[in-house]
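Trainee: Dumping the structure here so I can ask a few things about it.
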Amino acid sequence: MKFVDEAFIDVAAGDGGNGCVSFRHEKYKEFGGPNGGDGGRGGHVFAVADPNLNTLVDFRYSRRHEAKRGEHGMGSDMFGAAGADITLKMPVGTIISDADTGELLYELLTPGEVVTIAKGGDGGFGNLRFKSAINRAPRQKTPGWPGERKSLKLELKVLADVGLLGMPNAGKSTFIAAVSNARPKIADYPFTTLHPNLGVVRVGPEQSFVVADIPGLIEGASEGAGLGHQFLRHLQRTRLLLHVVDMAPFDESVDPVAQAKAIVAELKKYDTQLYEKPRWLVLNKLDMVPAEERAARVKDFVKRFKWKGPVFEISALTREGCEPLVQSIFQHVHAQQLAQNAPAEVDPRFAGEPPRG
């Protein structure tokens, strides 16, 4: 399925139904009182986070979404029925913002989460509402209120634990295919990956994490060059970044250290918070480096790159070194999950007190 991570839609909640002017007509009762009912409220527009969806492509082809208006009030004290609501299914991780102002409105972060993106208008009052001791036969009524109308921008940020960074052709797609259930397109030319790929890496029973592979970055990406800048937002919710470096480029004039520094510079320009995320260095394609040269080449790279973080030497093609990397990633992600879900510290002044009920 084609991955679409941005869409624009127009939503319109239903208008409220109008109130009714009506009077009782009974035999032998010349002046029956008012019995005009209120109009029904207009339908709401909801959005629900559906874990079975991973793209916004459907909203590219159906831009306008309208709920039904409420029914008008009727005589005999009959109120109008509420208009039918509509629910739009969106992938988990969708950000909903105002298309005109850019204001962030909602984030759908948990499966099944429901938000009201446009409220239906209230129904108008029938003349029954205006009866008083002074006015026994009111002929007033009010129209229904209009429903909310909004132009919205939908933006999808994938919810992955680990994000892959690197130049085009660094071997990110080969790595994600080697360690996960993802099957991205792989070829020996740059820009093979044109949209994000998600893969679930299973470490053991009930032990897994999600990896996101985005199109490769090039110099100037933060200003819009290449493809990767469009998808950098997907890395903002990850717990860990893997910086994948091609240690055996086809073009011998290409310096892996210069490429790696360019990636880090683009990351810093794009988003400081993203730049400060935990980041590990993954030196790939070492199977193409003569065995006697590997240690010296890795040492030289780390020294010139001035890297002080974790370093992993792998070959995604032969899967050499992938298993220790996967185990280390899981331990890191699992530790962060435990820290995030840890119970809040109890104030010692209230420790041991029975719950009040």
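Cβ coordinates come from backbone N, Cα and C, glycine included.
Quick paste of what Swiss-Prot says about this protein:
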type	residues	note
DOMAIN	1-159	domain 'Obg'
DOMAIN	160-334	domain 'OBG-type G'
BINDING	166-173, 191-195, 213-216, 284-287, 315-317	GTP binding site
BINDING	Ser173, Thr193	Mg(2+) binding site
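Have a look at these and tell me how they're positioned relative to everything else.
Mentor: Of all the Cβ atoms in the protein chains shown, 22 others lie within 10 Å of the Cβ of Ser315 (GTP binding site).
Taking all protein chains in view, 25 other C-beta atoms sit within 10 angstroms of the C-beta of Ser173 (Mg(2+) binding site).
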Trainee: Taking the Cα atoms as reference points, how far is Lys285 (GTP binding site) from Ser173 (Mg(2+) binding site) in Å?
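Mentor: With distance taken Cα to Cα, Ser173 (Mg(2+) binding site) is 13 Å from Lys285 (GTP binding site).
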Trainee: For Ser173 (Mg(2+) binding site) and Gly166 (GTP binding site), determine the Cα separation and express it in whole Å.
Mentor: 11
